[in-house]
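Below: the structure, in structure tokens.
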């Protein structure tokens with residue numbers, strides 16, 4: 001890869017140096033969450049991990065991630081043993097901060113490795129496109145904001161996802177793709193949203209004869225079954241033996257939470273909530289009944305606290321049915337045409353469906369769409385046209401995660417520079433499509449991108465000057481609703497591109 005400048009390695013080193021400078025930056029409660037998990041896995045036997053509740057930040061990730069925390073705790077002991085004490089809540093010595101921040105950067109090497117494998121897997125004429133897409137992922141503002149300031153380990157996890165996607169490119173490594181994805185599911189269960197795409201693709205491309213779906217390849221079925229079963233047995237087997245599977249299920253899937261998170265993720269339910277809010281003042285004139293008990297608690301994201309003042313209530317069953325329906329649509333094409341591009345497209349559309357229609361979706365889950373889509377964004381200008389509003393909306397929607405003044409220049413300047421650099425570069429690199437571009441989608445993207453600037457200025461600066469500490473939810477609602485429009489518009493655009501390609 002020496003012919004490309006800057007190289008992936010060079011960018012990774014510069015990015016790591018920049019991230020070290022952010023060590024003293026704002027950190028969210030997720031920092032304490034992971035410190036507490038270090039303490040749990042270090043201090044207690046394995047069978048007690050999912051029962052410990054000294055802190056409110058209980059262990060709610062699958063066993064492999066708990067095992068990763070256990071490994072990190074062995075190193076943490078030599079850095080500052082105090083961070084591993086269960087009762088030492090909200091402990092954040094500088095040694096603890098530096099260790100946990102460094103662990104995020106170190107584990108992100110998985111992403112660098114996966115992107116390097118991705119570039120190597122692409123045919124020579126398209127390697128420059130893969131290189132550009134890989135740099136956009138490595139330098140993603142989303143990963144910078146969520147992992148290196150807010151604090152999480154998404155770079156490591158998405159590295160495993162991308163590696164699994166790359167392994168699915170060749171028939172000879174399809175088995176390893178399925179096993180790698182199984183490992184990912186045992187690290188973080190949010191990737192279950194993508195599991196149907198993997199199931200259909202592996203079934204169609206690996207387990208069944210390419211010339212006839214009625215001729216199964218029994219050898220491949222057995223190998224895949226043994227591989228995937230072995231992974232899940234290693235992760236959950238001990239807990240099944242101890243009779244703790246139900247306890248793990250309660251921790252991993254806390255369905256008592258409300259429809260929307262405290263800050264509305266930019267999805268269909270954010271738009272639904274916005275319409276409900278807008279209808280409240282005009283409801284008496286329209287003769288619409290108002291639920292008085294919902295006026296002060298509309299979708300604040302608290303446990304059991306999801307209610308609408310005007311519009312009908314949304315139940316878990318509704319969100320599940322909508323998510324499943326809109327995931328099945330792209331899977332039909334994947335079943336009929338099981339190639340790698342359709343596989344990545346179906347992963348992206350499954351992520352869209354889960355994000356747009358899912359129950360209690362976090363805004364951080366937008367990366368589940370952006371990063372896989374990045375692998376297809378440069379296929380041609382039609383794909384890029386659908387990607388542009390997603391890139392803008394997805395990254396702007398993350399701004400409320402960092403609400404302190406010190407981080408405002410970092411998140412704003414870095415994100416704007418990334419958008420300008422990569423979207424303009426992508427526009428020059430993306431091939432002209434064989435089919436004509438969608439005129440309305442192009443105009444929508446241009447108008448949508450333009451509106452983002454005044455929105456950022458208002459929400460970050462003007463609102464505080466006008467209202468002080470009042471109406472604090474207004475800029476959040478504007479940001480979420482604006483971003484939701486972009487994500488939905490991008491989804492519709494990509495659905496058109498996917499089914500007409």
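Every residue number used here counts from 1 along the chain in the order it is shown.
Glycine is treated like the rest: Cβ placed from N, Cα and C.
Positions annotated as topological domain 'Cytoplasmic' by Swiss-Prot: 25-63 (among others). Beyond the ends of the topological domain 'Cytoplasmic' (25-63), by six or more residues, the same chain brings 69-70, 72-74, 76-77, 83-92, 96-97, 100, 148-153, 185-189, 235-236, 238-239, 242, 244, 247-248, 251-252, 254, 401-402, 404, 406-407, 410 to within a C-beta distance below 8 angstroms of the stretch.
Sequence annotations record features per position, and here Swiss-Prot assigns topological domain 'Lumenal' to 85-142 (among others). In this model, the topological domain 'Lumenal' (85-142) carries an average pLDDT of 96.
What Swiss-Prot lists as topological domain 'Cytoplasmic' is 164-182 (among others), and the listing cites sequence analysis.
Sequence annotations record features per position, and here Swiss-Prot assigns topological domain 'Lumenal' to 204-220 (among others). Across the topological domain 'Lumenal' (204-220), DSSP classifies residues as 7 helix, 7 strand, 3 coil.
Non-local neighbours of the topological domain 'Cytoplasmic' (242-252) in the same chain are 47, 50-51, 58-63, 189, 236; each lies 6+ residues outside the stretch with a CB under 8 Å from one of its CB atoms. What Swiss-Prot lists as topological domain 'Cytoplasmic' is 242-252 (among others).
Summarising the annotation, Swiss-Prot assigns topological domain 'Lumenal' to 276-319 (among others) and lists sequence analysis as the type of evidence.
Secondary structure of the topological domain 'Lumenal' (361-364) per DSSP, as helix, strand and coil residue counts: 2 helix, 1 strand, 1 coil. The topological domain 'Lumenal' annotation in Swiss-Prot covers 361-364 (among others).
The topological domain 'Cytoplasmic' annotation in Swiss-Prot covers 434-446 (among others), and the record cites sequence analysis as its basis.
Among the features that Swiss-Prot reports, topological domain 'Lumenal' is placed at 468-476 (among others). Look at the topological domain 'Lumenal' (468-476): DSSP puts its residues at 4 helix, 0 strand, 5 coil.
Look at Swiss-Prot and you will find 498-501 (among others) tagged as topological domain 'Cytoplasmic', backed by sequence analysis. DSSP labels the residues of the topological domain 'Cytoplasmic' (498-501) in these numbers: 3 helix, 0 strand, 1 coil.
Below 8 angstroms of C-beta separation, residues 97-98, 101, 104-105, 108-109, 112, 115-116, 119, 127-128, 131, 134-135, 138-139, 144, 148-149, 410 of the same chain, each at least six residues beyond the ends of the transmembrane segment (4-24), sit close to that stretch. The transmembrane segment feature in Swiss-Prot is assigned to 4-24 (among others).
Feature annotation from Swiss-Prot assigns transmembrane segment to 64-84 (among others); the stated evidence is sequence analysis. Same-chain residues lying 6 or more positions outside the transmembrane segment (64-84) and placing a CB less than 8 Å from one of its CB atoms are 34-35, 37-43, 49, 91, 93, 95-96, 98-99, 103, 183, 186-188, 235.
According to Swiss-Prot, the feature transmembrane segment maps to 143-163 (among others), an assignment based on sequence analysis.
Beyond the ends of the transmembrane segment (221-241), by six or more residues, the same chain brings 46-47, 50, 62-64, 175, 178-179, 182-183, 185-186, 202, 206-207, 247-248 to within a C-beta distance below 8 angstroms of the stretch. The annotation transmembrane segment is assigned in Swiss-Prot to 221-241 (among others).
Under the heading transmembrane segment, Swiss-Prot lists 253-275 (among others).
Packing against the transmembrane segment (320-340) from elsewhere in the chain are residues 168-169, 193, 196-197, 200-201, 204-205, 210, 268, 346, 349-350, 352-354, 356-359, 495, 498-499: each is 6 or more residues past its ends and has a CB under 8 Å from a CB in it. For 320-340 (among others), the entry in Swiss-Prot reads transmembrane segment.
Counting Cβ pairs closer than 8 Å and at least 6 residues apart in sequence, the transmembrane segment (447-467) and the transmembrane segment (365-387) reach fewer than three and form no contact. For the topological domain 'Cytoplasmic' (242-252), the number of residues in each DSSP class (helix H, G, I; strand E, B; coil) is 8 helix, 0 strand, 3 coil.
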